[in-house]
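K.L.:
Here it is, the structure, as structure tokens.
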Amino acid sequence: MKNVAVLSGDGIGPEVMEIAISVLKKALGAKVSEFQFKEGFVGGIAIDKTGHPLPPETLKLCEESSAILFGSVGGPKWETLPPEKQPERGALLPLRKHFDLFANLRPAIIYPELKNASPVRSDIIGNGLDILILRELTGGIYFGQPKGREGSGQEEFAYDTMKYSRREIERIAKVAFQAARKRNNKVTSIDKANVLTTSVFWKEVVIELHKKEFSDVQLNHLYVDNAAMQLIVNPKQFDVVLCENMFGDILSDEASIITGSIGMLPSASLSESGFGLYEPSGGSAPDIAGKGVANPIAQVLSAALMLRYSFSMEEEANKIETAVRKTIASGKRTRDIAEVGSTIVGTKEIGQLIESFL
């Protein structure tokens, strides 16, 4: 039995998760009997019910599962809590660390029908865009020790530590090279080797691994500031973009914006064993929660990534992705991706349309 922990969370999470599970079951067909979907509380709703953003029973549910399908967490209601008790820091970050979800895959796709939704000129986008940002997720300056604040007055200071081991760099680089082999066979590694010692080491390790195991894959390097510019002026040069944690955090958000809607973008966070957490790239959007207008496509595509990476069900994953493309081509859109001539529909209608193409 394939167990999936379903953590809908807060805001629009429950309503888009409902659509994703329905699409998932339709795509699986008779194979749905091989799956068990078990729900757990996480984030703000978990705080309200248990006092903790990641209750022990939810963590146990995840440990007994093969994958986590995650919605979104957070909202104004919980913003005044201590940082470690807030939904994202108290739930999502501990889940990543607990399961060693070191590889974050963030596709940034612009479908031809949606190229006018991008803030980037249509002549730059051409007939669409397909970039995969590969971000190291459990190391670097976000987790490095020591960190803290000391002193007082004009002598007060704060510090963080940016640190990477050879093992951490090699394992994320391997995922990038392996992903590139299934795409357009090109990796762009991002660093700041003209300033940072960790970046010098990062670049050295990536080059060594490339020569030893992946010489068939095209490899090039960009400083992070240049990469941020190139994503805007010439995004089609990229296939797989390999980044350490902080650089990947920034560049993946930039890449998501050039697609025109963050409501379209899924993500996968994977461990070495293949265990994964799958979630939309956007937030909980409390301002539109419960109104039936949220775009469920990112959650649906996250479910497709789960089938691909945690269960090796490529055919079913492709079916969902094809159904999403056909839905977009039909001209019916949620309001975040609507343009002149398209028909604006709600969350449930988009879900029904996706299912009609399965």
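Here the Cβ of each residue, glycine as well, is placed from N, Cα and C on the backbone.
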K.L.:
Based on Swiss-Prot, name the residue from Arg135, Arg149, Arg183 that is recorded for the same substrate site as Arg96, Arg106, Asp225.
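P.N.:
Swiss-Prot names Arg135 for this substrate site.
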K.L.:
Pick the one among the binding-site residues Ala285, Ala289 whose Cβ has the fewest other Cβ atoms within 10 Å in this structure.
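P.N.:
Output over binding-site residues Ala285, Ala289: least Cβ neighbours within 10 Å is Ala289.
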K.L.:
With a 10 Å radius around each C-beta, find which of these binding-site residues (Pro83, Pro87) has the fewest other C-beta atoms nearby.
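P.N.:
If we count Cβ atoms within 10 Å for the binding-site residues Pro83, Pro87, the smallest count is at Pro83.
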K.L.:
Work through the binding-site residues one by one (Arg96, Arg106, Ala289) and name whichever has its CA nearest to the CA of Asp249 (Mg(2+) binding site).
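P.N.:
The smallest Cα gap between Asp249 (Mg(2+) binding site) and any of the binding-site residues is with Arg106.
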K.L.:
Between the Cα atoms of Arg96 (substrate binding site) and Lys192 (site 'Important for catalysis'), find the distance and write it as a whole number of Å.
P.N.:
25
K.L.:
Using Cα coordinates, what distance in whole Å links Pro83 (NAD(+) binding site) and Tyr142 (site 'Important for catalysis')?
P.N.:
14
K.L.:
Around the Mg(2+) site recorded as Asp225, Asp249, Asp253, what other same-chain residues have a C-beta within 8 angstroms of the site's C-beta center?
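P.N.:
Other same-chain residues with Cβ inside the cutoff are Val224, Ala228, Met246, Phe247, Gly248, Ile250, Leu251, Ser252, Glu254.
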K.L.:
Could you tell me which three-state DSSP class Ala285 (NAD(+) binding site) falls into?
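P.N.:
Once the DSSP labels are grouped into three classes, Ala285 (NAD(+) binding site) ends up as coil.
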